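Undergrad: First the structure, which I've put down as structure tokens, then a few questions once you've had a look.
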Amino acid sequence: MKSTLLNKKSQQTTPAWEFFCSWVTTTENRLYLGWFGCLMVPTLVSATFAYIIGFLAAPPVDIDGIREPVSGSLLYANNIISGAVIPSSNAMGVHFYPIWEAASLDEWLYNGGTYQLVVFHFFIGVCSYLGREWELSYRLGMRPWIFVAFSAPVAAASAVFIVYPIGQGSFSDGMPLGISGTFNFMLVFQAEHNILMHPLHMFGVAAVFGGSLFSAMHGSLVTSSLLKETAEFESANYGYRFGQSTETYNIVAAHGYFGRLIFQYASFNNSRSLHFFLGAWPVVGIWLTAMGVSTMAFNLNGLNFQQSILDASGCPINTWADILNRANLGMEVMHERNAHNFPLDLACANCLLSLWPMVG
């Protein structure tokens with residue numbers, strides 16, 4: 001009797017589990033969920049709701065750990081531009097700070113626990129989205145290049161939100177989740193690490209602006225060389241079908257136009273090589289930028305040319321590097337002005353003596 005009941009129970013549960021597995025992994029649904037999606041949906045939903053609530057109503061956060069809280073929510077005198085989810089307090093360092101680690105909810109909010117909640121759930125969510133792209137490509141029999149391409153922004157987000165705060169020893173050094181907070185993070189990053197003079201950042205700039213240029217060039221060339229398959233009074237869109245085997249544009253005509261516009265070997269005559277280049281250029285550049293931020297997280301900073309060129313009378317002839325250094329010092333003085341009086345560069349007596357001729 002006991003074995004009969006167990007067999008009936010197993011027969012009732014197995015079909016339901018198999019139905020759930022087939023529903024999760026099927027590619028026939030309007031939106032593919034996948035096993036990674038089972039992790040992506042709750043984490044991204046949690047991060048989104050926590051961010052919205054924190055941006056609207058979070059109390060001020062003691063970001064510097066000196067009992068001088070900074071407000072970031074709309075209910076505390078901020079607007080869309082100045083509002084942000086403030087990073088966790090410097091008093092927390094890189095400690096994991098969930099709600100149950102605080103004595104009360106007020107203490108958790110005061111120490112910026114909202115920031116860790118949003119960032120960690122967001123990080124898990126985007127990594128799950130990355131895995132979901134691979135999973136869908138695998139089930140459709142596609143190559144995994146979409147997954148590889150999306151790894152670039154995931155690497156950049158990981159460098160800014162995870163690697164850099166850990167390298168600096170505190171999540172208070174992470175990027176605030178807001179518009180003005182992002183710009184503040186960029187200025188402070190330049191002041192402390194001289195990122196503009198870092199070769200890996202230069203690759204990233206070339207990737208972003210170059211990728212935008214190549215995308216605009218490719219899109220305009222394709223649109224200008226579409227093969228017309230309809231009559232004059234019909235829309236050109238009626239001549240194409242999704243998934244058709246024939247080309248929709250004349251790559252030879254586009255190649256000839258661009259070759260005559262610049263020079264012959266400046267354009268691609270192979271569609272696969274062209275699109276691989278369009279995908280690889282920005283992806284590799286963003287990878288290198290993420291590597292640069294990760295190295296600067298451990299203070300392997302950009303190139304710094306400290307020695308000025310002196311004329312015959314001993315007066316310095318300032319170069320662009322000197323102007324950049326002076327700007328960095330100014331930005332660093334304004335950063336955390338209540339936490340310390342001077343940045344480390346100005347707290348050194350030798351540095352002050354070396355800067356004295358420039359001041360004079």
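Each Cβ is built from the backbone N, Cα and C atoms, and glycine gets one as well.
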Undergrad: For the record in Swiss-Prot, which of the ranges 90-111, 200-221 is the transmembrane segment one?
TA: 200-221
Undergrad: Listed binding-site residues are His121, Glu192, His201, Ser267, His335; which of them have CA atoms within 10 A of the CA of Tyr164 (site 'Tyrosine radical intermediate')?
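TA: Correct set: empty; none qualify.
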Undergrad: Measuring Cα to Cα across His218, Ser267, Phe268, which the record gives as the quinone binders, how far apart are the two most distant ones in Å?
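TA: Comparing all Cα pairs, the maximum is 10 Å.
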Undergrad: When DSSP is mapped onto helix/strand/coil, what comes out for Ser267 (quinone binding site)?
TA: coil
Undergrad: Which residues of the chain, 6 or more past the ends of the transmembrane segment (32-49), have a CB below 8 A from one of its CBs?
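TA: Counting only partners 6 or more residues beyond its ends, the transmembrane segment (32-49) has Cβ contacts under 8 Å with 23-26, 117-119, 121-122, 124-126, 128-132, 134-136, 139.
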